[in-house]
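Worksheet: the structure to be examined is printed underneath.
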Amino acid sequence: MERYKLRQVIGEGASSTVYSGVSARGEEVAVKVVPRKGRSTGMVYREIEMLSTIKHENIVGIVGRFESKKHVYMVEELCDFNLVSFLNEYEVDEDVALKILRMILCGLRHIHSLGIIHRDLKLGNILLKGNTVKICDFGLSCYVEENNSEFCGTMDYLAPEVVDGKKYSFGVDMWSAGVVFYVLLTKKKFCESLDSLECSEELRDLLEKLLERDESKRADASEALMHRSFSRFIPRCEDFRGLPGFERGTKYGVLRKAGDSVELGSIRIDARRGKRHGGGRKHGDLGCLCGEEFTYSVYVDSEEIEPAFITNGQLKTLGLLTAHVKAMREKTPKIIIDDDGNKFYYMFSGGFVYVGKELTLRARGGKYEMSRRSGEKTYLEAVPDFLYEAIGGLEARCKAIDKEVCWFSRESPVLIDCSSHQQFSMSCISQVSEMSIRNRVEYDYIESTGWCIRDGLNFLFLMNDGEMFEVLCPDLAVRYRGRLLFIDDRLPMKLKRSLKGISPFLRSLCDGCYMS
């Protein structure tokens, strides 16, 4: 023991004593001291062997071992306290209890994948180091193929099959995890019933799956981690495929987007080919994003993993990565319209920035920030009345283009830069954006009126005054402001005026004399 100096006792068990200690290099550790007598020696050797094969953030790490004639010393990472002390010192709400349970389940999933049954999971054998849960004390643990279903563990945490002397497997750890979760929620001993438990239906459902008396029906660690209760902790990634590439260093590693992937440190997200809305493509190009639902795969150290199984430490990195993607979508313009010096930036997120001669208006999370040239800022619940018509028209134009156009460029944002309504042209889009448009669609500019997007016998009109409507010739109908109106209905006066304005254009199509 020349390398370590023992300090105070921090834990005692039936066959061992745990001390805090410090190495010659100043590293703080925990030292488990086990006398060489009875079964204790074999158990500690077994524990050292198991912990040496387990490398996981939710399992206490082994640093080394030493021996003397009378004792075996197992050196482990030092933690702050166990869950018994934690419960005595802090109030635990549902969110905190769920976070603790999730880390316990991550640890159990890992050891179960190695064929190890813990067999003595309880509050005293679950440690906290900072905000991270660590399962410890593998003295009663065994490999599943060597399991003889002996009676062992701590009475209050024993699964029914252990108490009844039946054969058992990994499910005993799941039952114990359920008991730990129950105690975290109630600070009471589990009494075989959930009738008096006051909690959300979601948590009750999770507990019922963990405390299922029939081991064959009891949730395993993977199934429990997939429970909807934990979805609140898993960050979702927004569609990054059209964003420009980026690369920068952070304290968590290199943050990078290249092609259909984003990554940070050991975490990578790959976009994958998903289903298309309506079941079909707008054209035959397999690289097109139009109508394709955004789905993705998550990788840790180049191995694909279900996001529900990602550890708490990895979730922090994943959260930073998805937050950066979201921020990039909010500040990267997809379409820019220059309207007589007033610029409208339509972002990948669906938000916008309107930069006028006297003010700037930003849409942020359903609210608006208006900044005047004087430096005065105002926060609003809605677009100001004096900008409502202009902003509404510009936003409608961008949404219509975003919906109808097939975007191919995924290495840089797709931008449209037009100096006025009259110069707002699809040739401008294709030149600036380097995109292609599906062959069966044609775009026509109607002098002093607006744009028409022709899709077969359907016509989408983007008017210069901001109005948008679709004429469905086969149905003799008009889609206007979310309603389907038939030509012989009583149409709104403004729509009637718009239809009257486009009638010469429609007649010219019928006569075959219109040149696009």
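Backbone N, Cα and C define each Cβ position, glycine as well.
Here the structure is a predicted model, which means the values were calculated and not measured.
Residues or ranges marked as active site, proton acceptor in Swiss-Prot (evidence: sequence analysis): Asp120. The ATP binding site annotation in Swiss-Prot covers Ile10, Gly11, Glu12, Gly13, Ala14, Ser15, Ser16, Thr17, Val18, Lys32. Sequence annotations record features per position, and here Swiss-Prot assigns domain 'Protein kinase' to 4-230 based on sequence analysis.
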* Asp120 (active site, proton acceptor): which of the binding-site residues Ile10, Glu12, Ala14, Ser16, Val18 is the nearest Cα neighbour? -> Ala14
* **Lowest local Cβ density among Ile10, Ala14, Val18, which the record lists as binding-site residues, within 10 Å** => Ala14
* Counting only other Cβ atoms and using a 10 Å cut-off, which of the recorded positions Glu12, Asp120 scores lowest? -> Glu12
* Asked: Same-chain residues six or more away whose CB lies under 8 A from the CB of Ser16 (ATP binding site)?
  -> Lys32, Val33, Val34, Pro35, Ser40, Val44, Gly139
* Asked: How big is the ATP site in terms of the longest C-alpha to C-alpha distance among Ile10, Gly11, Glu12, Gly13, Ala14, Ser15, Ser16, Thr17, Val18, Lys32, in angstrom?
  -> 15
* Local backbone state of Ile10 (ATP binding site), from DSSP in three classes -> strand
